[in-house]
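Feature annotations, reproduced from Swiss-Prot:
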- 77-149: domain 'BTB' (DOMAIN)
- 184-286: domain 'BACK' (DOMAIN)
- CYS38: S-(2-succinyl)cysteine (MOD_RES)
- CYS151: S-(2-succinyl)cysteine (MOD_RES)
- CYS151: S-(2,3-dicarboxypropyl)cysteine (MOD_RES)
- CYS151: S-nitrosocysteine (MOD_RES)
- CYS241: S-(2-succinyl)cysteine (MOD_RES)
- CYS257: S-(2,3-dicarboxypropyl)cysteine (MOD_RES)
- CYS273: S-(2,3-dicarboxypropyl)cysteine (MOD_RES)
- CYS288: S-(2-succinyl)cysteine (MOD_RES)
- CYS288: S-(2,3-dicarboxypropyl)cysteine (MOD_RES)
- CYS319: S-(2-succinyl)cysteine (MOD_RES)
- CYS613: S-(2-succinyl)cysteine (MOD_RES)
- 327-372: repeat 'Kelch 1' (REPEAT)
- 373-423: repeat 'Kelch 2' (REPEAT)
- 424-470: repeat 'Kelch 3' (REPEAT)
- 471-517: repeat 'Kelch 4' (REPEAT)
- 518-564: repeat 'Kelch 5' (REPEAT)
- 565-611: repeat 'Kelch 6' (REPEAT)
- CYS151: site 'Sensor for electrophilic agents' (SITE)
- CYS257: site 'Sensor for electrophilic agents' (SITE)
- CYS273: site 'Sensor for electrophilic agents' (SITE)
- CYS288: site 'Sensor for electrophilic agents' (SITE)
- CYS434: site 'Sensor for electrophilic agents' (SITE)
Amino acid sequence: MQPDPRPSGAGACCRFLPLQSQCPEGAGDAVMYASTECKAEVTPSQHGNRTFSYTLEDHTKQAFGIMNELRLSQQLCDVTLQVKYQDAPAAQFMAHKVVLASSSPVFKAMFTNGLREQGMEVVSIEGIHPKVMERLIEFAYTASISMGEKCVLHVMNGAVMYQIDSVVRACSDFLVQQLDPSNAIGIANFAEQIGCVELHQRAREYIYMHFGEVAKQEEFFNLSHCQLVTLISRDDLNVRCESEVFHACINWVKYDCEQRRFYVQALLRAVRCHSLTPNFLQMQLQKCEILQSDSRCKDYLVKIFEELTLHKPTQVMPCRAPKVGRLIYTAGGYFRQSLSYLEAYNPSDGTWLRLADLQVPRSGLAGCVVGGLLYAVGGRNNSPDGNTDSSALDCYNPMTNQWSPCAPMSVPRNRIGVGVIDGHIYAVGGSHGCIHHNSVERYEPERDEWHLVAPMLTRRIGVGVAVLNRLLYAVGGFDGTNRLNSAECYYPERNEWRMITAMNTIRSGAGVCVLHNCIYAAGGYDGQDQLNSVERYDVETETWTFVAPMKHRRSALGITVHQGRIYVLGGYDGHTFLDSVECYDPDTDTWSEVTRMTSGRSGVGVAVTMEPCRKQIDQQNCTC
């Protein structure tokens, strides 16, 4: 056949040359067939540079399926694993080295790195249960594994031994989903033993977050004293009050008092005892049998009791800061009329949440937190129908996104200040119509009762209130005639007020808070202008000093502290109801605008507590 002389291009044909056998004479048909050479020639298209590719998507699955069939029928297998585990009967599993090596770096090293197993047809395996090995071999061929819940720990341990990371991750994810108070410590210990960092971290985080429930379980009582000290020393332990930690330690000791009574002192030093109330300490010193039998521990707590009741500044461990979202809550406020809004700002991502409204609109109220619950205290309902001063106390639960009414105060209090000592709310000053109060009353949440305490030395509305070293400070305000720069301090043990150094500036409606053992007073109204100046009171030197001013003048502002920084929200600048939010960094002595409220307002109640349950709310992402 002669070659076709036509040029390449559309309609180009192929040239076929005759096949010529390269077989030696007499080699046989089979050999001749295998060695036949194709010499077909193809004339390319006019494009000339095209490529052809083809992928069979299911090839790997099909190939491994066939190899698994070969394994099950014991064909072409080149290794037998002889698995022996403790007293369990030995088992043999035939397999293909290449498949095992493809799924496990341990098997790959065993069969390719010149180890003695590389040339062995029977390999002895110890330290893993035959049923676990059977499942891991099945996974190598099928990429699928299933087991009962009780077997997960054993399979995960085997997967760790043979470095089958995908199985380790799957088991870890399953165990994370199974975490509950009764098994979290056991899972954490298991993860630590096998070196699974992620599972260990997730289990520990669960323990920290649910400490109160975990501390009631059998696993908790089986902790060693070193493990318990490490646990209760965590700053991120999530407890409503430090007495939970104290009781957990005492109960742990009682579980085996004869052996554990020697560890009481070490445990108490890990408890944040300065966060316990004097009343609680006094009761434990009187009634706790374990403390009665240990004079050193008793003396240690007596010393702390004295420091608390003498209001001494102490170098103590920091307050616990659980890794649960803590948001800045703003309740009520005023813009043309009193508002019922409850909103929460998340400084970590800049978002606002709209939550359950106050049952009655209020401005000039105060906010505080006790045991994770947000309280809205006093204020006034300014509405087109009239103005009504409020004696109300309402409690908001972030877990249910609901308000509940509590016992009202003895008198209505608008432009009130509040502070919390030993879990009790102190309502300070305020006004009822033209009456300017110097009276103060204390609310006990356990009893839902208010009781009057000693009145202030000065009548004050628009008063700033803060608590430091268990002392209640009332700063500035208006007495009905004059705006004030004076300040006074309440001693709960003596039930008396004492004047302290006056501020440098007259301030009514200032924002007052505590940061790093100092009292800050920001903004306010001096009788002529709204202020942007800020001053700080050092309780050691008993002096007020100015710090950097805010970027905006504001009175009737909201103020709080979040993660070591001061936040001021809203207020009135003399012309406008502000929506701006500023943040003060004490390390750099600077203010910065961080966000805007959803609308301008003054006279809000502000406090910080846990993030609300997302199932109960609809999140509103507010952009500034």
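From the backbone N, Cα and C atoms, a Cβ is placed for every residue, glycine too.
Across the fold, the C-alpha of CYS434 (site 'Sensor for electrophilic agents') and the C-alpha of CYS241 (S-(2-succinyl)cysteine) stand 40 Å from each other. Note on CYS319 (S-(2-succinyl)cysteine): other Cβ atoms within 10 Å of its Cβ, all shown chains, come to 10. Across the candidate stretches 327-372, 424-470, 471-517, the maximum count of CB pairs under 8 A to the repeat 'Kelch 6' (565-611) is reached by 327-372. Within the same chain, residues at least six positions away from CYS273 (S-(2,3-dicarboxypropyl)cysteine) with a Cβ under 8 Å of its Cβ are GLU242, PHE246, LEU281, TYR300, LEU301, ILE304. Take the Cα of CYS613 (S-(2-succinyl)cysteine) and measure to each of the modified residues CYS151, CYS241, CYS257, CYS319: the nearest one is CYS241. In the three-state DSSP reading, CYS319 (S-(2-succinyl)cysteine) counts as coil. Spacing of CYS257 (S-(2,3-dicarboxypropyl)cysteine) relative to CYS288 (S-(2-succinyl)cysteine) is 13 Å (Cα to Cα, whole number). If you draw a 10 Å sphere around the CB of CYS613 (S-(2-succinyl)cysteine), it holds 12 other CB atoms from the protein chains shown. The Cβ neighbour count for CYS241 (S-(2-succinyl)cysteine), using a 10 Å radius and every protein chain shown, is 17.
In this view, the densest Cβ surroundings among the recorded positions CYS151, CYS257, CYS288, CYS434 belong to CYS288, judged by other Cβ atoms lying within 10 Å.
CYS241 (S-(2-succinyl)cysteine) falls within neither a helix nor a strand when secondary structure is assigned with DSSP, and so counts as coil.
Comparing C-alpha positions, CYS241 (S-(2-succinyl)cysteine) sits nearest to CYS319 among the modified residues CYS151, CYS288, CYS319. Following the DSSP three-state reduction, the secondary structure of CYS288 (S-(2-succinyl)cysteine) is coil. According to DSSP, CYS434 (site 'Sensor for electrophilic agents') sits in a coil region rather than a helix or strand.
Confidence across the repeat 'Kelch 5' (518-564), taken as the mean pLDDT and rounded to a whole number, stands at 98.
Applying DSSP to the repeat 'Kelch 4' (471-517) sorts its residues as follows: 0 helix, 28 strand, 19 coil. Taking CA atoms as the reference points, CYS288 (S-(2-succinyl)cysteine) and CYS319 (S-(2-succinyl)cysteine) are 25 Å apart.
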